[in-house]
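Colleague: One structure is given below, represented as structure tokens, and several questions about it will come after.
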Ligand SMILES: Cc1cc2nc3c(=O)[nH]c(=O)nc-3n(C[C@H](O)[C@H](O)[C@H](O)COP(=O)(O)OP(=O)(O)OC[C@H]3O[C@@H](n4cnc5c(N)ncnc54)[C@H](O)[C@@H]3O)c2cc1C
């Protein structure tokens, strides 16, 4: 059974970063196990399967689920073992490498590649009245399943890429979408900014969410315009808050990994602060990091190659 043997590499996470790391591990003929708590594909399959991706080389337009499908197919052909539906809880350093511990089983490897995407972060909260009370009842932090917005009046909060991506992803199925940002302009890619400005999404700059109201579920919010200092009520069914991520320091510290505000610190070879553990994709932080599919894949290849060199060196030493 997959997972019962000692692997060269265990990859945690089967998004684009982890899947690509797997491809490059197999190019080096390393025995490779990939563990994911969900289905493979990462955010492409779990969050935005039906969204078109237009910035991945070789496709001018491809549905996320199809892009994920091609990468998954490629990994399966290369002989990567997969364990799905298990969450990695701990990584222990042992004499011959690492024990990767899930709730059910302990898997062994000489090196580990972490590719858990946003799995080790918590969404930043606004701290406004009603936010906690209505979480799960019309308030979502992070990226909702696109269908959640069907026929709803949606308020997107935040001016970064994630918030604009959500607004763009739901605009055609939602009843109406309002996007608010506390500053005077978005901090996002020009492509997203332009798409928002050319769409039916209603944009309100200089605007803060002050209060979320409702009964069983959210039905209204109170907004505050920082320029004219006026309050406004808006009827909404769904509030989607994307104002950044806060690393789950406890978990990462328990794993003994050095972090900064943006994620796990890695060097140009995707080495973490723990020898033999490499990381790639949305969870890593380095100057110039982009949270994109193509960067996740690129970093996956570097992490795999670095892990290969690490194992080679260990083998020579031992
Ligand atoms: C709405 C939206 C639209 C986007 N559109 C684009 C786009 O058009 N183009 C683009 O380039 N980028 C886009 N992105 C960004 C892109 O999806 C991410 O940069 C990319 O998915 C990061 O890949 P990853 O492999 O690092 O992480 P993920 O895709 O998040 O994959 C991480 C995997 O790790 C697993 N995992 C997490 N924790 C554990 C654990 N403890 N144990 C086991 N498994 C675990 C998760 O289940 C997941 O499958 C978009 C993002 C969003 C949210």
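Note: Cβ is positioned from N, Cα and C throughout, glycine not excepted.
A quick note: this is a predicted structure, and the numbers were derived from the prediction, not measured.
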Colleague: May I ask you to find which of 121, 134, 308 TrEMBL records for the FAD site already listed with 36, 43, 48, 88, 282?
Modeller: 121
Colleague: Around residue 43 (FAD binding site), how many other CB atoms lie within 10 A of its CB?
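Modeller: Around residue 43 (FAD binding site), other Cβ atoms within 10 Å: 21.
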Colleague: Including all protein chains shown, what's the count of other C-beta atoms within 10 A of the C-beta of residue 36 (FAD binding site)?
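Modeller: Around the Cβ of residue 36 (FAD binding site), 27 other Cβ atoms lie within 10 Å.
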Colleague: To see if you understand the setup: which same-chain residues, six or more apart in sequence, place their Cβ under 8 Å from that of residue 48 (FAD binding site)?
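Modeller: Those within reach of residue 48 (FAD binding site), by Cβ under 8 Å and sequence separation of 6 or more, are 64, 143, 146, 165, 169.
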Colleague: Taking DSSP as the reference, which of helix, strand or coil describes residue 43 (FAD binding site)?
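Modeller: Its secondary structure by DSSP: helix.
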Colleague: Just report the maximum Cα pair distance in Å for the recorded FAD binders 36, 43, 48, 88, 121, 282, no decimals.
Modeller: 24
Colleague: Long-range same-chain neighbours of residue 121 (FAD binding site), Cβ under 8 Å, sequence gap at least 6?
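Modeller: Same-chain residues close to residue 121 (FAD binding site) (Cβ under 8 Å, separated by 6 or more) are 245, 246, 247, 248, 263, 283.
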Colleague: Within its own chain, what residues at least 6 apart in sequence put their Cβ under 8 Å from the Cβ of residue 282 (FAD binding site), listed in sequence order?
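Modeller: Sequence-distant Cβ neighbours: 15, 17, 43, 117, 118, 263, 291, 296.
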